[in-house]
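Annotated features, as they stand in TrEMBL:
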- 12-30: transmembrane segment (TRANSMEM)
- 51-73: transmembrane segment (TRANSMEM)
- 85-104: transmembrane segment (TRANSMEM)
- 93-191: domain 'CAAX prenyl protease 2/Lysostaphin resistance protein A-like' (DOMAIN)
- 125-146: transmembrane segment (TRANSMEM)
- 152-170: transmembrane segment (TRANSMEM)
- 182-200: transmembrane segment (TRANSMEM)
Amino acid sequence: MDLFINKLMSSVIEIILFASIPFIWWLIGARKKAGFFDWIGLKKMEKHKGTIPLIIVITAVFCAVSIVILYMIRDVETASSGFDGLGVKAIPAILVYAIFNTALPEEMMFRGFLLKRIASRAGFSAGNTIQAVVFGLMHGIMFVAHVGMAKAIIIVIFTGLIGWVMGYINEKRSGGSILSSWIIHALSNIFSGLVSAFSLL
């Protein structure tokens, strides 16, 4: 229960922190054009043929990539380390951690804010590439001191590519909704949490 409450409180803090810059930006320059949730992409997905199967495939790829990365950093303390060996009793905390503590804040910042703002000025290709690079770097830099430069670069490339694909699905197959990437990201993080909880690596 303590772990669940901890993840719940941490999620609230993370969401507020990650949403603060986009919210201030919207408040200053875009509040007369669109509501905040629509502006950042927290809206209903547009239906395009093949989008759901694509989400399933990308989620499976993300989970496979997660196995590789988790193996590479198996001796490093990570956000999911708190679930190590806890089994079934960790599942409620894992769900909160995966859906609200990591996936939602990161999707709002990278695919909801960074991609959309850059794309509005420099086009989709530039916006998606830049957000993917920053997304990858964020995940790689935190591990470079623990796993070395070579493995950190692999992490940057893997997570950056996934970030790019999620941006593509949102903007080109979901009508700008970040729900698609939120689903992919959350399911992948649930998978990673379960791997830790049941000591599968």
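From the backbone N, Cα and C atoms, a Cβ is placed for every residue, glycine too.
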For the domain 'CAAX prenyl protease 2/Lysostaphin resistance protein A-like' (93-191), what does DSSP give as the number of helix, strand and coil residues? 90 helix, 0 strand, 9 coil
Quick one: mean pLDDT on the domain 'CAAX prenyl protease 2/Lysostaphin resistance protein A-like' (93-191)? 95
